[in-house]
Amino acid sequence: MKYFVYLRGLQGNQGDKWLNGQVTVKSSSYYRIRIERVVGNSFQGDAAIDDLRIFENPCVLTPPDADPSNIVPTTTSTKPTITNPPGPYDCTFESGLCNGWENMANNRFNWTRVQASTVAAPEIDHTTNTVQGYFMQADLSKGQANDYARLKSPTLNNPQCMTFYYHLLGQGGTLNLYMAAGDNLGISLWKRKGTQGDLWRFGRMEIKKTNVNIVFEAIAGPNSIGDVSIDDVIFTSGACKESAAIGESCTFTDFAQCGFTQNATASSLQWKTYTGSDTQVRTTPIPFDHTTGTNRGSYAYIDLESQGENLNGRLYSPMYKSTKTQPYCLEFYYVLAGSNNTFNILTETTGSTPRALFTRNYDHGFIWNKGEITLPPLNNVRIVFEIITGYLRQGFVALDDSMVKEGECSLRANECTFDDNTYCSWTNAADNQFDWILRNGTTPSADTGPNGDHKIYFDNRPRCFSFWYNMYGVDVGRLIVYVRSLVSANLTSESLVWALAGPRVRGKSFEGDIAVDEIGVQQTDSCKLQPFEADPVEVSQALVTCRFEDDFCQWKFDPTGQFNWTRHTGSTGSSGTGPTTGADNSPFYIYIEASYPRVEGDRAGLISPYISKPIGTMCFQFYYHIDIPYNFALKLDGYVGSGWEGDISLDEIFLTDGECPPTDWCDFETSFCGWINDTTCDFYWTRTQKATDSIGTEPTTDHTTGTDRGYYIYIETSSPQIRGQKARLISPMYTQASSVCLKFHYHMFGPSIGSLNVLIAGTQRLLWTKSGNLGNRWRYGHVTVRNDDQYQIAFEGVVGSSFQGDIAVDDISLANGPCEEEGSCNFEDGTFCGFYNPKDEDNFDWALNQGGTISFDTGPTVDHTTGTSVGYYAYIESSFPQNHGDKTWLVSEILESPKGACLDFWYHMKGNTTGNMSVYHRVLDAKPTSLWFKEA
């Protein structure tokens, strides 16, 4: 068995200081620690941790008020709870499945009435906002791909406006609404797809027909995980009412109903309502509204065709009289087609001059663009939407889905999700060899490309270029981002800022599709490079790497040489000289043939691809083979480059007898790195890619690259291996060591896992061991090695009770000095040690940082370990795109402390809106046990 320990539970502002936390962990078997942070309600809520340590003795809960029983539910709602008495069709599901509501007979799986306390999510219902409340839920894991669960309402005898609350959390789920006549569903009139966050969201749909039923349909996708829930389905007789009140959305079915008015002078442009095929629009209109995405919706518009110059049309919101001293966000969608027109948004109070907050004055195309403006406290303020015509007298402006809500805006106005089947303001470059194309679902090529677009927007920080990408296929090439400088109308200099994967601009086959989605640019500060391996310096270094197994990679022949290098396998053509194989027994290598017609002094040159300007020291490594049957000298040539910034330096040159020392790191990407199988054992370790041959036990990717193209080593426990047999992989010989830290990653997943041991070879002294099923992920292992003589390390795999017991190892390294204790981390090496951010289990990630955080007046300015701004600590950033109530977990490696242990750590929680922090531990997938909780 194994345990997890979560850290999730301090709430609120704890001040600008590092505080000590301790909690006792009791377990008779393996366990893990999980650290979780819940975001407060603004950016001033950063929290940090440092100096995690595990002691082999119990300790006193510190601070004393870190009581886990104080944890409150984290599911939130976008609307108040329901207080009105139920009508004949209404259902809050508190007393059961209301009269007339039923699962449809042809369901592949069903909706179930559940209590919040009995399910993983949501943690509270919407009606009562408690764990005791009830709602309807469709468990997506009970359905296969495209299976559906349909819940039908009673028959509605007259037109209604239906409101409801929905909760869609997980992956692969869809919620559709239909207005059905009997078993005839018709077309979907409302849809939400993919996770919508851990909160109850408000929905509304107008039912215009009589004698119909409303059907809520949950659809499971491939490998769906999560649930679809609904609550508080309320019907109001008649049409849905429009409103521009705070927290309500005006969809412009009738902007007067929302309380909007306009200037009515003869010289003013007049806003109108567009529905369907309105013939008054003489320029090409937007054929669909933003609200529904269909031609059945509505929006406000002004046709600018042949209008006079410098005319204006103003649309005024109702007066807002909020007494709350807090910011608000105006969110809206607009179309601005045609050049030389100006679209402004202003605020004004009675008797004052309007204040401009938003201006656009160029052609945005016939597409819906999202706009957001953070407003000051609303005290007798109204909002003005204004269009001013230019001298060209053409164009079109439209407005939809205007909403004022509490809190600051998310600054995502420059985002492009491609979901409206347009490129937004992006264009294919004129000099492309082929073009980017829009697509939904899968690509035309089999086994490559994404299964669909990405529906969750991630980090879009100030002056940050953000996007989602998919690079799937056995022969994916490269995705590269350049910055082109714009001078007047000309595109000039170009610089590489992001690059990822593959040695070729195009791969070698059709299985190499690349997709991007949700592009955004913001005019604020910088952001962290994601992923770290897309660093252009690192990418250019990777392009230099070449094993010469297929070709010369990105290396080119030097045209100034007298002859060229030759790629070859086996012995060279000259007797008594040259190698017989490549390095590490690989087949191919490159060489120069010194036989006739070559003469003394001839040169063959090989030139690497361009390398981005380095920010620090770089190491160039290579294998060479030279036959020298005579006295010799070594010559080092330095060549001057094209400018003065080209100094080259050398230092500390040595020449020693014997073999070069063994490498202290191996990722198995190209070879065994000098590690060898022990031939006295029962069978051998194998180096491989992708999954192993045994079903339900293998890693699907290596640890180094995180892809199925990377290599790792494993033991195959299928026949002819039998229980108890062993395979040992032995390292090269290392010099004596007072203390060296051996680090590695291992994978032990399957119902019949045996054991993985780390030994000193020869003496068989046991250094480290793990046994049994530890879950389907790569784990971090480390152990301190001390030996007075030369030594070799052995990884020993022991076969379990059946074929489902494969064990894998990757990324072995040695570093001077002892290891941290298990479960301990001061983050000073710039890593999380054995802790990790889980995938698909929380809302965002912990990050490592030095000095202050990017948010004002929150977070530490120094770490706890060194007390300086250069020391590292782990923290969570509460700014956008994080939302109130979002959680993040930091999970420990698997730990074992049968005598009990003390978790000691230092935490920092400063900010006016800091959330909470807690500690949990969990056995396997059982319900976690809360150990420690703190509010700021």
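Along the chain as shown, the residues are counted starting at 1.
Placement of Cβ uses the backbone N, Cα and C atoms for every residue, glycine included.
The structure displayed is predicted, hence computed values, not measured ones.
These come from TrEMBL:
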DOMAIN    11-61  domain 'MAM'
DOMAIN    89-242  domain 'MAM'
DOMAIN    248-411  domain 'MAM'
DOMAIN    414-454  domain 'MAM'
DOMAIN    544-626  domain 'MAM'
DOMAIN    664-821  domain 'MAM'
DOMAIN    823-936  domain 'MAM'
Should the domain 'MAM' (89-242) and the domain 'MAM' (823-936) be scored as in contact, given a threshold of at least 3 Cβ pairs under 8 Å and pairs 6 or more apart?
-> yes
Taking DSSP states H, G and I as helix and E and B as strand, how many residues of the domain 'MAM' (823-936) are helix, strand and coil?
-> 0 helix, 42 strand, 72 coil
Between the stretches 544-626, 664-821, 823-936, which wins on the count of C-beta pairs under 8 angstroms to the domain 'MAM' (248-411)?
-> 823-936
Please spell out the DSSP helix, strand and coil residue counts for the domain 'MAM' (544-626).
-> 4 helix, 12 strand, 67 coil
Quick one: average pLDDT across the domain 'MAM' (664-821), no decimals.
-> 88
